[in-house]
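Undergrad: Pulled these features from Swiss-Prot for this protein:
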type	residues	note
ACT_SITE	Cys88	active site, phosphocysteine intermediate
BINDING	Leu89, Ala90, Val92, Ser93, Arg94	protein binding site
DOMAIN	4-144	domain 'Tyrosine-protein phosphatase'
LIPID	Gly2	N-myristoyl glycine
Amino acid sequence: MGSGMSQILPGLYIGNFKDARDAEQLSRNKVTHILSVHDTARPMLEGVKYLCIPAADTPSQNLTRHFKESIKFIHECRLQGESCLVHCLAGVSRSVTLVIAYIMTVTDFGWEDALHTVRAGRSCANPNLGFQRQLQEFEKHEVHQYRQWLREEYGENPLRDAEEAKNILAAPGILKYWAFLRRL
């Protein structure tokens with residue numbers, strides 16, 4: 001959790017509160033946009049575009065209502081060829097949940113494959129049970145409309161995210177490793 005931000009897809013990173021204030025690391029990864037999702041989320045650095053979502057890391061916190069604005073923020077950043085850091089305090093639950101919703105929207109992945117994609121880049125990724133339930137509901141009832149909205153709003157995705165994510169999951173041993181961990 002303290003080893004720096006993790007690249008999930010090209011131009012998309014997950015990190016913690018400390019990473020979001022590390023100007024050198026942000027510059028090195030060409031981060032121009034930061035999505036902060038924690039109790040005291042607010043802009044902290046000059047020259048960075050922010051989306052701040054005040055949210056607690058509790059199972060009762062509704063993150064679903066922030067999916068659309070988060071997806072729009074991340075996608076517009078990446079379409080401009082820039083990089084976005086999504087962070088909460090530890091970079092484990094809230095930020096991971098928003099990135100999973102984004103991956104589900106830009107690919108045909110369900111929430112579990114999207115989680116495995118995130119974990120391939122950030123092994124500590126672990127949305128709380130309430131957020132997992134919200135992602136399951138998003139998969140069942142809303143993700144298809146979000147995919148359609150994204151296509152209508154931005155056209156076909158030139159970022160090749162589905163291909164990138166499938167390559168991540170196809171890496172030797174990734175799914176076997178996560179299946180093993182699930183049994184523990």
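Quick reminder: no glycine exception, Cβ is built from N, Cα and C everywhere.
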Undergrad: Within its own chain, what residues at least 6 apart in sequence put their Cβ under 8 Å from the Cβ of Arg94 (protein binding site), listed in sequence order?
TA: Val37, His38, Ala55, Asp57, Gln61, Leu63, Cys88, Pro127, Phe131
Undergrad: Can you see whether DSSP assigns Ser93 (protein binding site) to helix, strand or coil?
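TA: The residue in question, Ser93 (protein binding site), is coil (DSSP, three-state).
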Undergrad: For the protein site given as Leu89, Ala90, Val92, Ser93, Arg94, which other residues of the same chain have their Cβ within 8 Å of the site's Cβ centre?
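TA: Sorted by sequence, the hits are Asn16, His38, Asp57, Cys88, Gly91, Ser95, Val96.
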Undergrad: Tell me the Cβ neighbour count for Leu89 (protein binding site), meaning other Cβ atoms within 10 Å of its Cβ, over all protein chains shown.
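TA: For Leu89 (protein binding site), the count of other Cβ atoms within 10 Å is 20.
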Undergrad: Helix, strand, coil: count each for the residues of the domain 'Tyrosine-protein phosphatase' (4-144), based on DSSP.
TA: 64 helix, 25 strand, 52 coil
Undergrad: Mean pLDDT across the domain 'Tyrosine-protein phosphatase' (4-144), rounded to an integer, is what?
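TA: Looking only at the domain 'Tyrosine-protein phosphatase' (4-144), pLDDT averages out to 97.
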Undergrad: Counting Cβ atoms within 10 Å across all protein chains shown, which of the recorded positions Cys88, Ala90, Val92 comes out on top?
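TA: Result of the Cβ crowding comparison: Cys88.
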